[in-house]
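**Q** For reference, Swiss-Prot lists these features for the protein:
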- 13-19, 41-43, Arg306, 332-334, 414-416: GTP binding site (BINDING)
- Asp14, Glu15, Gly16, Lys17, Asn39, Ala40, Gly41, His42, Thr130, Arg144, Gln225, Thr240, Arg304: IMP binding site (BINDING)
- Asp14, Gly41: Mg(2+) binding site (BINDING)
- Asp14: active site, proton acceptor (ACT_SITE)
- His42: active site, proton donor (ACT_SITE)
- Ala300, Ser301, Thr302, Gly303, Arg304, Pro305, Arg306: substrate binding site (BINDING)
Amino acid sequence: MGQSVVVLGAQWGDEGKGKIVDLLTEEIGAVVRFQGGHNAGHTLVINGKKTVLHLIPSGILRDDALCLIGNGVVISPAALQKEIAELETSGVEVRSRLKISPAAPLIMPYHIALDQARERAAGGKAIGTTGRGIGPAYEDKVARRGIRIADLHYPKQLEELLRTALDYHNFVLTNYLKTDAVDFQKTFDEALAFGEYVQPMKSDVAGILHDLRKQGKRVLFEGAQGALLDIDHGTYPYVTSSNTTVGGALAGAGVGADSIDYVLGIAKAYATRVGGGPFPTELDDEIGQGIRDRGAEYGASTGRPRRCGWMDIVALKRAVAINGISGLCITKLDVLDGMEKLKVCIAYEYNGKRTEYAPLDAQGWEECTPVYLEFPGWTENTHGITNWDDLPPAARAYLRSLEELAGCPISIVSTGPDRDHTMVLQDPFA
């Protein structure tokens, strides 16, 4: 039987999953995206060249990797076509290697209009979405009025589905959100054109995955966002609209629990968050700004500055538990170079008591005060180090402490953005 590894974020997203997926895709059978949409921004740096992927799996830069988009992903036709065109212009063959589930829902123009209008109306209480229609597309999926890849090849059915959806959404847009309606004919024509474009890539992704496992091939499941943004397990309502945890890999790709052999959780050596929502260890000071500047903490999809803070072990332990994480990958260790001291949150003060468990609601998280353990920093440069013994003693001690506090071994350490700036302590596929 083949080996399957799930790579997912163990914080609030932006942990560096794309680089690690690319690193692990050597001699891979396939890489599959299973949730989210083009709100993801996976940045790869190979030989100094930077590539940002939003929808297409990060394995696309490996010539022999099959890339799959599962039924759990919501697809923007315009974003997908743009990303394919950019990659192929740079010499990367995409369409012959990309397979898309016909059950994947589409992000339609009215989803984008709804997303942006709602955020404007919410004002200071906005969730902080990317405004790209992700949430409304998932809403339609659950409400059974979504339009899927498969529907594009049945014009009469598509017309009926689209008219029904627009009757509903245009009423909300014009009467409640006080914005413009979305035009039926333009939307219909664009959908038909995309149907022709995507037809050669439409495939039974679940079937492909089952066959690859029987053939003994390696498969990597690439998560987007992070576990603490999960619609069920995150800081609701400040969450994304899909299951970013390991269960999302099963449902969003169409495989059983026995198809997963290893879960790799990606976490920065500190913590970041984009948009609204609780963040107990946030540093709204010059230390936080310094981390932001050194770590280039600006969104790959939106360019928004990320909120920065100390490592939160309480939150990380929750991610480890709900995902059954087998091993951790700690990224951006080099960003902490030169800091005199480091802090790690090991517990919260909540309702007058100390707890090592995170609350289950956003308001509870907001009321938590972090309890810190302090560690000495290091003055040496760790950028690009690929050997554990070459790390400064204080950096090694910091990592070993994270490992012990989280109750999970560290399998990989990343010391820079390039594919080669990595040390693999234990290969997840070994």
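For all residues, glycine too, the Cβ spot is worked out from N, Cα and C.
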**Q** Compute the C-alpha separation of Leu333 (GTP binding site) from Gln225 (IMP binding site), stating it in Å without decimals.
**A** 20
**Q** Determine the minimum-neighbour residue: among Lys19, Arg304, Arg306, listed as binding-site residues, which Cβ has the fewest other Cβ atoms within 10 angstroms?
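**A** It is Arg304 that, of the binding-site residues Lys19, Arg304, Arg306, has the fewest other Cβ atoms within 10 Å.
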**Q** Taking only the Cα atoms, work out how far Gly41 (IMP binding site) lies from Lys19 (GTP binding site), in Å, as a whole number.
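**A** Checking the Cα atoms of Gly41 (IMP binding site) and Lys19 (GTP binding site) gives a distance of 11 Å.
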**Q** Provide the three-state secondary structure of Gly16 (GTP binding site) computed with DSSP.
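**A** Note: Gly16 (GTP binding site) is coil by DSSP, not helix or strand.
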**Q** Where the distance is taken from Cα to Cα, which of the binding-site residues Thr43, Thr302, Gly303, Pro305, Thr415 turns out closest to Asp14 (IMP binding site)?
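**A** Closest by Cα distance to Asp14 (IMP binding site) among the binding-site residues Thr43, Thr302, Gly303, Pro305, Thr415: Thr43.
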**Q** Give me the long-range Cβ neighbours of Gly13 (GTP binding site): same chain, 6+ apart, Cβ under 8 Å, in sequence order.
**A** Ala224, Gln225, Gly226, Leu229, Thr240, Thr244, Arg273, Val274
**Q** Among the binding-site residues listed here (Thr43, Thr130, Thr415), which has the Cα closest to the Cα of Pro305 (substrate binding site)?
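**A** If we rank Thr43, Thr130, Thr415 by Cα distance to Pro305 (substrate binding site), first place goes to Thr130.
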**Q** For the binding-site residues Asn39, Thr43, Thr130, Gln225, Thr415, work out the Cβ neighbour count at 10 Å and name the residue with the minimum.
**A** Thr43
